Structure formats: C-alpha cells, structure tokens
C-alpha cells in the first residue's frame, strides 16, 4: 500500500493537468542560464566608462533591482491569489490577467523588439568573435606587431546564411540540446574571460583604472560629450547583462508544489541572481583592473595569448550564438506566421506543406516539411536582420540600446504595475509611492541609456564605412 501511495504521488498532476518536477535547484540553473549571456563580455568596458566608484555601484544596483522586481513578478504567476489563483504560463499571460488586453499589445511590442534587437546584437557579436580568432592566430604566427586587420562583413553574411538554414527547422527553440549547449558555452567563454583578466592583473603587478573612469582628453580623442554618451551607454550594457524578467514566468511554470511556486521562485531568483552578480562584479572589476581605461568593448578581443585559449573562448561564443539566435527568432516566426495564416486561411502559400526527404535519414523515411511562407518569409526576415547588423556594426552601442529598451518596461514597469494591481496596493500609500519612485527612476535610467547609445551610434556613423565591420 505504501508503494502504491508513493507511485500515485509521483504521477500526481497539477490543477491544470500537467506534471511538474522543477525544484529550487533546477529553477536556479535556468535562471543562471537565462541571465548569463554575451552581454557579460562588455562589462569591463562598461566599468571603465564609469570608474571604480560608479561602475561597481551600477553592477550591484541593477542586480538588486532585477531581484526585487523578480520577487514582485513571482507573486503574479497565479492570479488573483499568489498561492491558489489561476496559473499564467507566460509573461504575456500575466500581463493579460493583471492589466488587460491593451497592455498585452504594448508588452508584445516590447518583447518582440527586444527579441529582434538581440538577433542583431548576436550577428554583430559572432562576427566580432570570428575576427578575434583570425587576428589572434595571425599575431601568434606573424608577431604581435603584424598588421592583422580583417573585415567582419563576410562573417556576418556567412552567419546569416547559416541562420537561414536553421530557421527552416520547426520548433527549434524547444530542443533541450540548445539550452544545454548555450549554458556550457556561455560558462566557457565567461570563465575564460575571467581567468585571462586575472592573469593579466597578476602579470601587471598592479590594478589599473581610475575613480571616475575614462578621462576627458583631447589627445586621446575623448570629448565631454563622448564621455557622457559612453557612460550612459555603459548603463544600458549592464542592464542588458541582467535581462531576466521576461523569462521568469516560463521558468516558474516548471516548478512543482508544495511549497507554493512563488516561494520556490523567490529562492531560485535569489540564488541565481546572487551567483550571477558575484560573477559579473568579478569579471567587470577584474577586467577593468587588467586593462584600465583602455578596456576593449569585448573583453576577449583584448587578449592574444595563450592564443589557443583565446580561440576556445571566441569559438564558444560563436557556437552559443548560432543556437541562441534561433531561440530568439522562433517566437517571432511563430507570431507572424500565425497571423498570416489566419489572415489568408485559404492560401496555399501559407498552408500547403511540402516535404523533402532528408538524405541521411536512413530507412525511417524522415522528411523536412515546410510551407512556401516559411521558406520565403523566414529567409527574408533573417536577410533583413543581417543587413541591419551590417549597417550598425557597433557591439557596445547595440547592447546598450537593447538594455535600455528592455530594462524599464519588462524588468521594472510591468512587474511593478502588475504587483500593484495583484496586491491591491492603495494609491498614495508609502509602499505605492516607493514602487512608483522605482518605476520613474528606472524610466529615467532607460531613457538616458537609450540616448547615450543612439548618440554613440550617430557619432560613430560619421567615422565608419557602412557594410565594413572592423574589430
């Protein structure tokens, strides 16, 4: 009888008919995977723009805000009661339940803009990493004074072609293998970057850097406006590195109960963001100590030796982003294909499915299935994304703009507003005033970061040749 009870308990389904097995540790792992990404590579540069005083404060401040709003958002997974209410399976479901359909449209526009912007950023980052491999190998074989400049235009085009092929696979974002590979690769290049930075600090026998970061100097070509734009852009970079909230509900939806899902998710967010913050502060500060105010935009591009280890890190970046690109692209594909199919329900272009037998499928008769809509529109979408990436080859500026776009609406505004509605926080109360102050403060930071990133792009466009990406 006891055995029967245990077995019955193990297959017990939740109130929505699903079986959930997630724990605080699995949720913590997902949280760390969601937060750590290519944005980590820009942290030493970001600290360099603000210096030893404001740099660490910005890193810790963004971490605290991300954690605090994650706690608020965790209570909105179930509505109207955080413990016994109806489940919301996605971020947009929570917005719909707490705020209404009008806010869902705004949330959707913000989410899809960030997804697409991240695809642009990944294209630029991939080209930068491949160029770094080429330059590192060139310096190793021809000497560190050799002219080893290369253009990333060809690498962006090749990356775009690879993504065109991968975009034809259905539901690629659901493959567990991609998440596993992304986690392993992101940890690889992050740890290598931290190790190389620490080794450089040790070889320098001193920590570089100044209290206020990069100094205004006509000789160095750093004007007051450049210093201002870069400092604001650095805020956006740091905010982008902590992007997490829009994936929190999906992670929480994997957690079993009891204890209640919001309790487990709050602990997972604390552990996940805590570990990530320790790592980010370490890499940002040690990287800054290694390079000082000359910290490169992508920390891996600042190293040439040991060349094989630098190559391993940059190749890990490329492998990570090849798969991660599709994780961000597939929701966009699904959104517009669903709309187009509903708009023209009788059109064969959107509905007629073709099958092409795969040559290595064996005797199972496996075939690749697609519609003309998927073939044509997905290819055009990836091609357009690649063209935009070629026109804006600015690693840090793009990251800063993405962080500015994502930080206020998805990390602060919606979690705070939904919590106020869910918890029925009385207008004018001390808690309501504090939450609205956080809202306004985050909006100001996002606007300043966006202005800094756009201004830097405009400034750089006057000194670069379009469609010629340089390291």
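Placed from the backbone N, Cα and C atoms, the Cβ positions cover glycine too.
Some features that TrEMBL has for this protein:
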type	residues	note
DOMAIN	20-458	domain 'Amino acid transporter transmembrane'
TRANSMEM	24-45	transmembrane segment
TRANSMEM	52-73	transmembrane segment
TRANSMEM	109-134	transmembrane segment
TRANSMEM	146-169	transmembrane segment
TRANSMEM	175-199	transmembrane segment
TRANSMEM	270-291	transmembrane segment
TRANSMEM	307-328	transmembrane segment
TRANSMEM	375-395	transmembrane segment
TRANSMEM	401-421	transmembrane segment
TRANSMEM	433-455	transmembrane segment
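The stretches the transmembrane segment (175-199) and the transmembrane segment (109-134) do not meet in space: the count of Cβ pairs below 8 angstroms, excluding pairs fewer than 6 apart in sequence, stays at fewer than three. Here the transmembrane segment (401-421) touches the transmembrane segment (52-73). Their Cβ atoms form 3 or more pairs under 8 Å, with each pair 6 or more residues apart. Between the transmembrane segment (109-134) and the transmembrane segment (270-291) there are fewer than 3 Cβ pairs closer than 8 Å, counting only residues 6 or more apart in sequence, so the two stretches are not in contact.
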